[in-house]
Amino acid sequence: MATMEPKVICVLLMVFSLAFSSLAQVQTETCVMSPSQRKNCGYPGVTASECTAKGCCFDSTVRGYPWCFFPLNEVPEEDCGF
C-alpha cells in the first residue's frame, strides 16, 4: 500500500488544481466588461489585494473609471432598491 500513496496524492493534487483553476477562470470572466459598466466597489487608494479580498475585480489600466468594481454577476445593494 505504500506504493499507492504517492499516486493517490498526485491524483488529489491534480483534482484540486483543476478545481481552483476553474474557479479563477469564472472570476476572470465575470470581471471582463466595458469600463462604463463598472460599479464602484472600493475607495480612493484601494489596493488590488484589498479589492479582491472583498470579492471585487481590480483593473487600474483605465483612467477615469473605478479600478475596484463589482463583478458582472453581483449587483451592489444600492442598485437593488434596498
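Yeah, the Cβs are placed from backbone N, Cα and C, and that goes for glycine too.
Any TrEMBL annotation is an automated prediction that lacks curation.
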Among C10, C31, C51, find the residue that TrEMBL gives as the disulfide bond partner of C68.
C51
What's the number of neighbouring CB atoms sitting within 10 A of the CB on C57 (disulfide bond)?
25
How do the residues of the domain 'P-type' (29-72) split into helix, strand and coil according to DSSP?
12 helix, 5 strand, 27 coil
